[in-house]
Amino acid sequence: MKPRLLTTVTTWLALVLPVVYLSRPCQALPTVNFTANYANSTSIASYNLEPEIPYEELEEPRVLPLKAVLPVEASTVDSSGVIDASKSEHHELPLADAAIQPHPDSNSVLKVILEQPESNDEPVTSTHGYPTFSADDNFVPSKPLNLSVLEVTSTTIKITWREPEKLNGAIHGYRVYYVHQNQTLLHLPILKAEAAVNSVYTYTLSNLKPYTDYKIIVAAFTKKFDGEPSEVSQRTDIAGPSAPKVVNLTCHSQDALFFGWRIPQTYYNTIDYYIISYRNVVYADFREIRITANASIVETSMIIPNLTTNSLYEVKVRAASTSVINPKQIILGSYSEPKKINVQLNCEKIPPPSQRQSYNDYNLAVMIGILICCFGLLFIVLTILLWKKCFHAAYYYLDDPPACGNSGGGNSAGIVDWEAPCEVAGEMRSSIPVCEFAKHVAALHVDGDIGFSKEYEAIQGEALNDEYPSEHSQHPDNKAKNRYLNVIAYDHSRVHLRQVPGQKKHLDYINANFIDGYQKPRAFIGTQGPLPCTFDCFWRMIWEQRVAIIVMITNLVERGRRKCDMYWPKDGTEMYGVIAVKLIREEVMATYTVRTFQIKHTKLKKKKASQTEKLVYQYHYTNWPDHGTPDHPLPVINFVKKSTAANPADAGPIVVHCSAGVGRTGTYIVIDAMLKQIEAKNQLNVFGFLRYIRAQRNYLVQTEEQYIFIHDALVEAIDSGETNIKMDAIGGVVNHIEFIDSQYKLITSYQPKEINLTSALKPVNAIKNRSSLVPLEGSRVHLTPKPGVEGSDYINATWLHGYRRLRDFIVTQHPLIDTFKDFWQMVWDHNAQTVVLLSSADNMSFLQFWPNESEPIESDYYRIRLVSETSENDYIVRNFVIQSIQDDYELSVRMFENPMWPDMAQPRSIFDFAVRVHERCAEYRNGPIVIVDRYGGFQACQFCCISSLAMQLEYDQTANVYTYAKLFHNKRPGIWSSYEDIRQIYRILSYMPKELGLLKCTELRTEFDEAAIMTATPDLSPLTRPAHIMSQHYNRFLKLLERWPVDQSKIGRDLGQYLRDQLKAVLGGTNIIAVKDERLVRQHQSLENIVNDVHLKAHPRSLNSTATGLSGEQCREVLSSEFLEYLNKEGGFEKLGLRGGRWMSTEAVRHVPVMAAEAIKFLKPQDSELFIDMTFGAGGHTKQILKAAPNAKIITLDRDPVAHELAQEMAKRYPGQIYPVLGRFSELPAKLKELNVNQRSIDGMIFDFGCSSMQFDEGERGFSISKNGPLDMRMDKDRCPDAPSAADVLARIDEMDLARILKVYGEEKFAKRIARAIVEARHSIKKIETTKELAELVQTCCASEFRLDKLQRPSHPATKTFQALRIFVNNELNEINYGMILAQHYLKIGGKMITITFHSLEDTIVKRHVMGNVANDMANKLPLKYCSHTICHDQTVMDAALKPNWHQMTKHVVVPSDAEVEENPRSRSAKLRAVVRVE
């Protein structure tokens, strides 16, 4: 709003002031000078009287009443003020009448008349003249009234308003402003205030942007001033989409065209329709087809039917969108370029015109080819001559630094100004000051992170539009070098390996790109996780590019999938091509591992021997989930800082890789660049930098979740600042109270929500808590639950990480009397052999929870016995043995009681105690350290902090108190009560001796398994535990399995009983020898988990629970090493009904017709009657009909060519009775016409829906889960080879549609999760092309490796996904719908129809037809764009056909008997309906 200005106008008035005194004659008054200031339109702010004679010469009283006159307005207004001129020369005079409004741009006269009070005479007025009075912008017009919008289009907005209520002068016109996106202020030329009806004005804003928000401002103005503004906001309407791009127009058949197009490049809001216009060029008019559209689908296609053969057709398409102003209005877009094509017979066999060349064109191409070959040969000869002249025959190259200009075809050395503001997707983007970044991120987080979604979509959109060449990645010689098909290396920025004499040109390829850092071109090399075939290329790149730091952000195997191969030696030295790599040292930390390699070039010549070897450091981050983000950004920030700081100034780029080299790799690079930009310029631009580096390698920062994590990490980095404190500076920090207090506030800023404390706040668990210090759900320690006992898995204990391991400590409260056994259960379950007690027993609230030497503690599974107790200088050491009651397994536990820690006599004793504890733990290295204080709070967490930070100080002479304190608080809020707690940690660390030895006694060595390497810091207990202990665990498992409760209500269906019987039969009395072969670890499913999951409903427990008293981890160790090894060797899996460690599928069973007896009972076939077996399959039902009526005639229909062949064979055995027909339900009318079968002539029809068992038996058909094969699922792929397979559907479908398919057709409760995983795998790994790939991917998305069917039998978790895809690919539900209609038309009155369904949707369609309650969309809720064809019916014909004429033969649906289900498991979900055709 334009501010009101104050302008002072001074008017000198020469006034003749007559003064009349009572009882005295009138005499002339002196002339007085007058000064007036206008404060607003209704008052005079001040005036100044300057009489020509002194005041004291005036006779008493000197009271001068005042009258103000405005002659221009032809009115005189008396003021209510009386002025005493003797008291002051400065007075304030309000004009009481607010109606007086002087015109500031007109001549006004102010006349002041002084008169004698109480005089009856007329005032004497003497005026020397009226001076000119002018005012300032105090007098501005008020707001225009009733500003509103009349009409809106995509580029115009018509507005209207009325003139202001207060004009305050002559209105010269109006100014109209409009604001676009709060950044671009545009104003229109001045509008002349022309006459308008009733003072109503209109104006049309033009040349606006479609679908854009505008704020419109209107203000009146006078000759000198702008008035107060009125505002209104309005969004313009959408404009029509741009022209779609036609990508396919082919002749589909003699009367149909196949037409495909791509979504328009530009559209607003959404695309609602496509309008396809086509015409025979003989005619002028176009015909139109309108179809609904989905803006998320990039390519759309359809078949245009009912065309004239041997005609030329012209086709074009345009998109249309619904108006956002008027939903009833459709905004049409531009037409695509018209395309023409001939429709003719057998056109599908004729190549398109683009492939047919004229004879002259062919000759020209041949001539050009010959010339190219000649030049090529000449070039090769010259190249060979030059090579022989300039190079030695031996293989070598010099160790020169890579040129910055062109050592690999990389991006330009110049720095692109990505920091400059730019407009993307209609919005301005620029660098954000550090002080405003937190507010900026908070704004992006609102409304479900909608701001992040928009920014990331803008980046993704640009990436899709940028088509950078990647020819080398697509070369046949190089495709095998790409881990993922769609993650390639752009040619312009890829890293070139130096040529080896004699090698092919394309052997210089590696899937790696140069990526710029902040103000440093080619600061990084982003690459994929090396494959075995690229190990040598990878190490050549390390050597040639002078790399000193490798950053690895992936584990070798994640979620059962190999993400990277181990490209370095496990021990010693290995050769990778010409590079020898030796592992020198390995330091394992909780979240990352640092490895030191010595690499040597074995073929290098012309260099000193000392320069043939280099040291390379690998920083391997091991706690970053695939496609996800870490739980907290602090460890990542520290990792980025340490790894980048380790790179020497004269070294080459830092090589960063994850699995694909795009998602986590890009996240790392962006965080580093932004940290450097903050340091250099105190600002940052995440959007601009990521947008810039995406032109150097595709898919950098692969998910929106990673993009959000970058912002959150940078907010944390800005808030916390530098948190690593050097050893010699720690003492100074102790006295820096403000610094510690600010850290404390940040450390304790996180406040958990109630959902994070679900278990701790349950009433059954609340009594187990001493205080408000309770564990969060994500970090609490779980106990082995007791069947049927709620809360039996809870204990007030929290996992905390240490310097070496993620689960190094368990912090817990002093046990209550009711939780003594829970405490020892925790020690037993998690194999914790070291306990630190920092509280003392007082025989009141804090009781002794350990046994005396004469009184052991017993539970249902174990006995705790005190072995010894000794006192040392500052603490007491107790040794316990926990003995299993079922077997002879023992667990030794040592307890250190030190209630005075850290208030000990000598500072050195604080650290000596920590060393002593960790030395004890190092003896076993197979479990956590349990730390106990009164409430599981400050004292226990202080011990964890001190011991972890002492190791850090030994390793790199820095301590990060802030990180440990904050992460501990986030896992157990409330442990720090004041900044003094943090200060005390700094104080203790300042006493730390330089040589402590704590780091050495906790040293870990990464153990890698040859088959499945899960993490760089695994639990090493299986490798250190004696073999006889493993056997004891196994024996315990067998014994306790026998005690598993048996469900007597379902004889023969109880899995527990089944397993027990089979175990006895298979194992007998065999003694199993412990096996140490690591290759078997975690390759097979735990039998224990199967038992638990099967009985989950009857005996509720968590999925991680066990029935044996063993922990889930111990069961996996036992079963994966000893038991499964034995079963593999002895064929035990087959004897157990298991295959390869997993449950056998029930698919592979002999073909038995389902409910054949019931079907024949209702069908009642008679000789000479005509039947149709609508789903012949293997002919089971047909055989039963012929058995009941030997002379009956049967038409056998099946879409499967294999089934059709079986029908033909049967027809040879029954000549004149079997009539095989190959086709779908929808094709039956034409087939029956060929057989001269008319409507109302069939005596009975039988439907057995679903997939036949022989289709499951053949893996190459693509239906089977247990047998690997191509993911096909087409029942009639030989007849319709162009129809999309299941693999085609998964390669093209979007996530939303896929989730809907799985949800509706498969009734899959994990539909969204599975759909997301399939789409992510398609983009980041490869397209899913085999049944095994799909089955394994679905399995990773489910909570268990099997599910229970309706008979409580284990089935594969991918069963429902396969079912949904099969139904969709084969358009089964639509076919069922057609089948029901055909039955109504072809059955005689009295004819019978038998339907057998296996899916709820199948039965629903049948039921609705039978009941006469058909919903037209029942079978077609999903888009049919992936189906092989679309069949359209006239609506009136459909309505007539769907009239019900059925009588049900049974009141309820018929289900199979228990005996049949046992004999034929496929029948378990079958439902039979029998109906009769009536009038």
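Using N, Cα and C of the backbone, Cβ positions are placed for all residues, glycine too.
According to Swiss-Prot, the protein carries these features:
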type     : residues : note
DOMAIN   : 452-717  : domain 'Tyrosine-protein phosphatase 1'
DOMAIN   : 740-992  : domain 'Tyrosine-protein phosphatase 2'
CARBOHYD : ASN33    : N-linked glycosylation site
CARBOHYD : ASN40    : N-linked glycosylation site
CARBOHYD : ASN146   : N-linked glycosylation site
CARBOHYD : ASN182   : N-linked glycosylation site
CARBOHYD : ASN248   : N-linked glycosylation site
CARBOHYD : ASN294   : N-linked glycosylation site
CARBOHYD : ASN306   : N-linked glycosylation site
SIGNAL   : 1-28     : signal peptide
PLDDT averaged over the residues of the domain 'Tyrosine-protein phosphatase 2' (740-992): 88
C-alpha spacing of ASN146 (N-linked glycosylation site) relative to ASN248 (N-linked glycosylation site), in angstrom: 54
Lowest local Cβ density (other Cβ within 10 Å) among glycosylation sites: ASN146, ASN294, ASN306: ASN306
C-beta crowding around ASN248 (N-linked glycosylation site), within 10 angstroms: 14
DSSP-derived class (H/G/I helix, E/B strand, else coil) of ASN248 (N-linked glycosylation site): strand
Per DSSP, three-state class assigned to ASN306 (N-linked glycosylation site): coil
Integer Cα-Cα distance in angstrom, ASN306 (N-linked glycosylation site) to ASN294 (N-linked glycosylation site): 26
Rounded distance in angstrom between the Cα atoms of ASN146 (N-linked glycosylation site) and ASN294 (N-linked glycosylation site): 41
